[in-house]
Amino acid sequence: MPRFFARHAATLFFPMALILYDFAAYLSTDLIQPGIINVVRDFNADVSLAPAAVSLYLAGGMALQWLLGPLSDRIGRKPVLITGALIFTLACAATMFTTSMTQFLIARAIQGTSICFIATVGYVTVQEAFGQTKGIKLMAIITSIVLIAPIIGPLSGAALMHFVHWKVLFAIIAVMGFISFVGLLLAMPETVKRGAVPFSAKSVLRDFRNVFCNRLFLFGAATISLSYIPMMSWVAVSPVILIDAGGLTTSQFAWTQVPVFGAVIVANAIVARFVKDPTEPRFIWRAVPIQLVGLALLIIGNLLSPHVWLWSVLGTSLYAFGIGLIFPTLFRFTLFSNNLPKGTVSASLNMVILMVMSVSVEIGRWLWFNGGRLPFHLLAVVAGVIVVFTLAGLLNRVRQHQAAELAEEQ
């Protein structure tokens, strides 16, 4: 058994531990959402504080990006990620002992830092520890599994709270976090030489400046962040569109989200199982028409035959499938088609993505309340069309980088 563990630690148990950590982080929001009103009532707090459980979680996710990337470049990926898993576990456990809404929200913000550790350090380690094609396929598998959480989380949470107190849900998540912590401690490989670069404010600022001056990174960050807009704006505003304006029940609304997340899961499964080389430009360009057809359905369908949810869900799901086919490759290209410190590149990319997502959600919300469904969907269409041009720029820069590397080897 010890020999089997040693042989498969990096290739099997490390990805499993990371998936469990990522899955638990998602569940900490999705599992409690159906009972968030119960939380507010237990603490005799104002119901207007309910959305803060999500917004503060996201704020925690943005708080440490600037630090963790450069830090992991200098002291190693492993100590940073296992520290993050431990912090997440303790924050979930502490939630069981909260006695006020303020304490609960502080715990939620600390739990949100898991986004920083996973996205900035965990995903980079996967890409560094495995070859290009295997790394992309493994990330596709991780994404497929983790995206099950937004589908089953609310349904499972609602069912469990018929039998247990909401604090028990955080106990379950804390156990998952602890198991992932132990798994990462025992199985995570170290992909960075520790102490190779000293940690100083000057060197960190220099690294960030170099990243944001790199044109390949800028094209990659623009492509990825703009690609998120159609899905994230829909996920954020769809409750208002479908429940408040459309009259759907909460259970009906929950089922309308399944095709969107399910499309990404199916796309990632196809990449992991059937696509031999997901970095092939021809494969990448074949996914673009699928995205554009989905975006066209958002407008044309609602113009010709308006429906409460059909065209919006169908168009967004088709777009999600198309972009899901190439998302892992876009991340790989942006992170590794340069000679910059990967932790800093990952941190910079995540900061851009979160900023664009936040702004796009607010723009989408404004367009819906001031213009209605068609102006709201036009935001997705505009973002999707711009992505075609930024993707062309990214692939061109990647080709130049690969040609330069070949020339150096010869």
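One-based numbering along the chain as shown.
Here the Cβ of each residue, glycine as well, is placed from N, Cα and C on the backbone.
Computed over the topological domain 'Cytoplasmic' (1-11), the whole-number mean pLDDT of the model equals 56. Taken from Swiss-Prot, the feature topological domain 'Cytoplasmic' applies to 1-11 (among others), supported by a curator's inference.
In the topological domain 'Periplasmic' (33-48), the DSSP tally of helix, strand and coil residues is 12 helix, 0 strand, 4 coil. According to Swiss-Prot, the feature topological domain 'Periplasmic' maps to 33-48 (among others), an assignment based on a curator's inference.
Residues 120-121, 124-125, 128, 184, 188-192, 194-199, 203-204, 207-208, 341-344, 347 of the same chain lie 6 or more positions beyond the ends of the topological domain 'Cytoplasmic' (70-78) yet place their CB under 8 Å from a CB of it. If you look up Swiss-Prot, you'll see 70-78 (among others) marked as topological domain 'Cytoplasmic', on the strength of a curator's inference.
Here Swiss-Prot flags 100-103 (among others) as topological domain 'Periplasmic', drawing on a curator's inference.
Positions annotated as topological domain 'Cytoplasmic' by Swiss-Prot: 125-140 (among others). Long-range contacts of the topological domain 'Cytoplasmic' (125-140) within the same chain, counting only residues at least 6 positions beyond its ends with a Cβ under 8 Å from a Cβ of the stretch, are 10, 14-15, 18, 77-78, 81, 188-189, 191-192, 268-269, 271-272, 275-279, 328-329, 331-332, 335-336, 342.
Per Swiss-Prot, the feature topological domain 'Periplasmic' maps to 162-167 (among others); the stated evidence is a curator's inference. Among residues of the same chain six or more beyond the topological domain 'Periplasmic' (162-167), those with a C-beta under 8 A of the stretch's C-beta atoms are 32, 35, 38-39, 42, 95-96.
Residues or ranges marked as topological domain 'Cytoplasmic' in Swiss-Prot: 189-216 (among others). Tertiary neighbourhood of the topological domain 'Cytoplasmic' (189-216): same-chain residues 9-10, 14, 66, 70-78, 125, 128-129, 333-334, 337-338, 340-341, 343-345, 348, 394, 397-398, 401, selected by CB-CB distance under 8 Å and a gap of 6+ residues from either end.
The topological domain 'Periplasmic' feature in Swiss-Prot is assigned to 238-251 (among others); the stated evidence is a curator's inference.
Non-local neighbours of the topological domain 'Cytoplasmic' (273-282) in the same chain are 132-133, 136-137, 140, 325-326, 328-329, 332-333, 395, 399; each lies 6+ residues outside the stretch with a CB under 8 Å from one of its CB atoms. The topological domain 'Cytoplasmic' annotation in Swiss-Prot covers 273-282 (among others), and the record cites a curator's inference as its basis.
The topological domain 'Periplasmic' annotation in Swiss-Prot covers 304-307 (among others) and is backed by a curator's inference.
The topological domain 'Cytoplasmic' annotation in Swiss-Prot covers 329-348 (among others). Long-range contacts of the topological domain 'Cytoplasmic' (329-348) within the same chain: residues 65-73, 77, 119-121, 123-124, 127-128, 132, 135-136, 139, 192, 197, 204, 207-208, 210-212, 214, 216-217, 220-221, 223-224, 227, 278-279, 284, 391, 394-395, 397-398, 401-402, each at least 6 residues beyond the stretch ends and with a Cβ under 8 Å from a Cβ of the stretch.
Long-range contacts of the topological domain 'Periplasmic' (370-373) within the same chain: residues 241, 302, 306, 312, each at least 6 residues beyond the stretch ends and with a Cβ under 8 Å from a Cβ of the stretch. Look at Swiss-Prot and you will find 370-373 (among others) tagged as topological domain 'Periplasmic'.
Same-chain residues lying 6 or more positions outside the topological domain 'Cytoplasmic' (395-410) and placing a CB less than 8 Å from one of its CB atoms are 215-216, 219, 281, 284, 333, 337-338. Per Swiss-Prot, the feature topological domain 'Cytoplasmic' maps to 395-410 (among others); the stated evidence is similarity to another entry.
The transmembrane segment annotation in Swiss-Prot covers 12-32 (among others) and is backed by sequence analysis.
What Swiss-Prot lists as transmembrane segment is 49-69 (among others), and the listing cites sequence analysis.
Under the heading transmembrane segment, Swiss-Prot lists 79-99 (among others), citing sequence analysis as support.
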Contact between the transmembrane segment (168-188) and the transmembrane segment (79-99) (3 or more Cβ pairs under 8 Å, separation 6+): yes
Contact call for the transmembrane segment (104-124) and the transmembrane segment (374-394): at least 3 Cβ pairs under 8 Å, seq gap 6+: no
Chain residues in Cβ proximity to the transmembrane segment (217-237) (below 8 Å; excluding those fewer than six residues from its ends, i.e. six or more beyond): 211, 257, 260, 294-295, 312, 316, 319-320, 323, 327, 330-331, 333-334, 337-338, 340, 345, 348-349, 352-353, 355-357, 360-361, 363-365, 368, 376, 379-380, 383-384, 386-387, 390-391, 393-394, 397
Beyond the flanks of the topological domain 'Periplasmic' (238-251) by 6 or more, those residues with Cβ under 8 Å of it: 257, 308-309, 312, 365, 368, 373, 376
